[in-house]
């Protein structure tokens, strides 16, 4: 069984990493109230022009985030979900078309 000391060290390392990365990515604040059937856009800007990998995660209530979509070039589309990347403006967005109640979640932008 993992000791409390080990857990605290792991938590400290994770918090230190988050603190060091704090200005790298900015995401539009939420929450958004979107009527069913509408299109919603989540926007994210990043400051490191050397970034190569871009990801959108979906986190349902009280669950771990799950990878929704990865983007390595200008964009990616999967059904009702579209990710668009503009490297010149250091901007990435996630569009959800024909929104459904089941789309209710937290959406997270990750830049690597």
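One is the number of the first residue shown, and numbering goes on along the chain from there.
From the backbone N, Cα and C atoms, a Cβ is placed for every residue, glycine too.
If you check Swiss-Prot, you get these features:
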SIGNAL    1-20  signal peptide
DOMAIN    23-112  domain 'Ig-like'
CARBOHYD  43  N-linked glycosylation site
DISULFID  44-109  disulfide bond
Composition by DSSP (helix, strand, coil) of residues within the domain 'Ig-like' (23-112): 3 helix, 44 strand, 43 coil
Within the predicted model, mean pLDDT of the domain 'Ig-like' (23-112): 89
Number of Cβ atoms other than its own within 10 Å, given for residue 109 (disulfide bond): 21
